[in-house]
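These notes are about the structure you will find just below.
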């Protein structure tokens, strides 16, 4: 099977989720280190839909270069708030940029690859506080939506349902836009919903949320 496409303009990247796919291994080509096909869907006896790993393709094409260059040029500052910010995202590329932006602003950062891991980190942090107050250890949870094991909506609901964690401020940071996704995030208990990833807007949102917390 041969598949080709031409990208004339990449204005904005949105992550696409495919359910009930069958994982397959395909030979790599060109300079690619690994296959960019993550699965297939059988449409008929003669038709098979290939599922592409768009995040890997986008990374290899260098489309994130503008954001990365901006982060590199961002001046290093020091935050007076030495509590942790927990960032949860299963995408290494997205998580790396979030962490880099936060550290450039002097924040201390904890990282999680899925909602379950993030919840375990929050419980560990609250247990380590003598007053058992999550706000003494973690100032903010930033979570992606689509993650394995536990998604961001479920994570947010779990946080709100736990008396020791329920006061934590939550920002849903997702590539999924649209009023329905925003509604789901806010109904799950998130304080804010932000679409990925503009470094300027992201940093501004974080600083405004933390300013409100300290008032």
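Cβ from N, Cα, C; glycine included.
Note: TrEMBL annotation is automatic and uncurated.
According to TrEMBL, the protein has these features:
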DOMAIN    1-63  domain 'CheW-like'
DOMAIN    84-211  domain 'Response regulatory'
- Item | Secondary structure tally of the domain 'Response regulatory' (84-211) (DSSP, helix then strand then coil) | 62 helix, 26 strand, 40 coil
- Average pLDDT across the domain 'CheW-like' (1-63), rounded to a whole number: 53
